[in-house]
């Protein structure tokens with residue numbers, strides 16, 4: 001493989017502009033070989049030599065061609081400057097980690113001594129709850145943040161939490177050490193690739209121009225610090241020592257296994273095969289079940305409920321497709337979503353879980369529509385939901401507990417929008433729910449049907465149930481809360497309040513659609529058409545200019561942004577056109593007004609198109625974040641020192657021990673085994 005491809009494949013995409021420009025170096029060498037006299041400033045004429053002889057002579061006196069020398073200086077200075085920034089950032093991280101290690105060791109020593117002396121309870125039992133609350137407030141006032149690293153302005157960080165338990169502090173410190181070790185490996189890889197690029201380009205220069213300057217290159221590069229690997233090596237050794245001392249009982253070998261275990265080295269062919277088997281077995285069942293549909297009232301409502309389940313599964317499949325596209329285009333979605341790259345599932349593993357759920361769905365759907373058990377048909381959707389719910393919350397008996405736990409926590413965070421700081425994955429997940437209005441409306445339909453024991457099911461549909469209309473607006477309401485919270489944290493009316501206005505139009509459109517279904521007439525039809533049209537135009541403009549940032553205004557003209565993941569422009573143009581078409585799908589409700597009362601078929605296909613549009617939207621939305629990271633040379637997760645605390649006095653230690661008095665030091669030695677056990681199911 002050519003070295004240009006090697007450096008392109010092994011480099012950190014977010015640091016691409018800071019690497020040695022190997023392709024440009026090759027072009028300069030080719031230009032010198034084609035026109036050797038260029039840039040020699042008349043040297044050949046003064047010495048009475050041909051240009052070729054002048055180059056050879058310069059090689060003999062250990063000098064590069066002036067154009068090539070200028071290029072090397074420019075590239076070396078660029079790499080050196082960026083490496084110094086990396087070292088400075090690493091030093092700040094190391095100082096912060098050292099402070100937290102000191103806190104942790106003091107806390108552990110104090111806890112161990114307290115447990116041995118038997119004086120665990122530091123707050124006397126006779127103190128009232130009010131006194132304990134006052135003590136906690138006093139402790140809060142004595143705590144200060146250990147360090148401050150400014151975060152991205154549009155994504156404010158959480159306020160620090162001073163009451164961090166010993167167990168939580170240990171977990172955070174372990175994760176921080178692992179992240180920092182990975183960061184040092186990226187820095188070391190940056191050094192290695194650039195040093196190798198310099199060596200390769202000089203070798204090519206010697207080969208093309210028949211010189212021998214490898215020795216001079218060694219002396220030339222020795223003055224740059226990025227050629228000195230001792231800096232990163234010493235830090236890596238220091239992290240290894242800290243990790244071994246704190247978490248593996250001085251077992252250096254085990255510490256190295258933990259630090260150097262990368263999930264990316266695993267193979268996922270078995271996961272892909274299992275997904276193929278599950279999907280291949282489920283798809284024929286689902287198709288045959290749909291063929292058994294008969295136009296009875298009960299079957300129509302059953303099909304509507306199963307349709308909602310299918311759309312949710314389909315949305316997860318398309319998200320995995322997004323992950324595949326990001327992986328192929330080298331978009332670091334793990335960093336953007338702030339996933340733990342060591343513990344998070346690969347998208348193929350996630351797809352295997354979705355395949356299992358799809359197979360269960362297809363099996364129950366087939367049994368329901370085929371009417372295998374007369375009298376039990378209406379209970380198959382509830383049974384499916386119970387099986388999947390058990391599958392979701394079972395921590396041990398079902399594999400991949402970490403992913404399922406993350407999904408549960410993310411759902412809770414979305415439904416509690418506004419109560420905590422909103423991160424990228426929070427509003428991204430809520431945006432997926434905005435595209436699932438059909439499934440959200442089915443929540444009301446599902447519980448209404450079973451509450452009424454499937455008697456008079458027409459009273460539960462969209463023409464009779466205001467609650468169904470409310471559930472279709474719920475995702476938009478949650479997004480509005482998130483926008484208000486982001487405004488509260490940043491105090492920036494733009495873009496957060498304007499974004500909230502966009503979702504308010506979405507809520508109003510869904511509300512008037514529900515009112516039109518309940519009260520057929522011209523008034524609500526006109527109101528729905530107006531607000532749905534405004535929402536579509538507003539959302540489409542926001543997609544292009546803000547979420548995707550495809551069009552930028554430069555020199556008084558609108559043009560496509562300069563930096564794009566894909567070199568061709570036509571995929572972005574097609575995405576803009578398709579996005580507009582699907583955004584205008586509200587028009588179908590106006591075209592078929594006679595079916596508006598119970599238009600489950602129209603709603604299903606409109607939502608299906610919206611989910612596919614969301615899949616496309618996801619790709620370009622995350623690409624926008626990736627471009628931001630590349631422009632700002634951000635390739636690693638930021639340390640969040642505000643999650644840690646810095647004690648002002650021993651009161652801090654006392655409070656931590658009192659909150660963790662049931663956590664004995666013997667459990668320290670069990671943590672690594674616990675990590676191994678969890679890894680088997682993650």
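Here the Cβ of each residue, glycine as well, is placed from N, Cα and C on the backbone.
Relative to the membrane, residue 298 and residue 627 are annotated in Swiss-Prot as lying on opposing sides. Per Swiss-Prot, the range carrying the annotation transmembrane segment out of 551-571, 572-592, 593-613 is 572-592. When the ranges 427-447, 448-468, 469-489 are checked against Swiss-Prot, the one recorded as transmembrane segment is 427-447. Of all ranges given (245-262, 407-424, 497-514), Swiss-Prot attaches the label transmembrane segment to 407-424.
In the predicted model, residues of the domain 'SPX' (1-219) average a pLDDT of 70. Below 8 angstroms of C-beta separation, residues 298, 302, 305-306, 309, 356-357, 360-361, 364-365, 367-368, 404-405, 407-408, 446, 449-450, 454, 681 of the same chain, each at least six residues beyond the ends of the transmembrane segment (378-398), sit close to that stretch. Same-chain residues lying 6+ beyond the ends of the topological domain 'Extracellular' (296-300) with a Cβ under 8 Å from its Cβ atoms: 369, 377-378, 454, 457-458, 600. Within the chain, the transmembrane segment (526-546) has long-range Cβ neighbours (under 8 A, six or more residues past its boundaries) at 495, 499, 501-502, 505-506, 508-509, 512-513, 515-516, 576, 579-580, 583-584, 586, 589-590, 617.
Note on the topological domain 'Extracellular' (370-377): residues 288-289, 292, 298, 302 of its chain, located 6 or more positions outside it, place their CB under 8 angstroms from a CB of the stretch.
Within the chain, the transmembrane segment (275-295) has long-range Cβ neighbours (under 8 A, six or more residues past its boundaries) at 303, 310, 348, 351-352, 354-356, 358-359, 361-363, 365-366, 368-371. Residues 13-14, 175, 178, 182, 261-264, 266, 268, 271-272, 275, 400, 402-403, 423-425, 428, 565-566, 615, 618-619, 622-623, 625-626, 629, 634-637, 679, 682 of the same chain lie 6+ residues outside the topological domain 'Cytoplasmic' (322-348) yet bring a C-beta within less than 8 angstroms of a C-beta in it.
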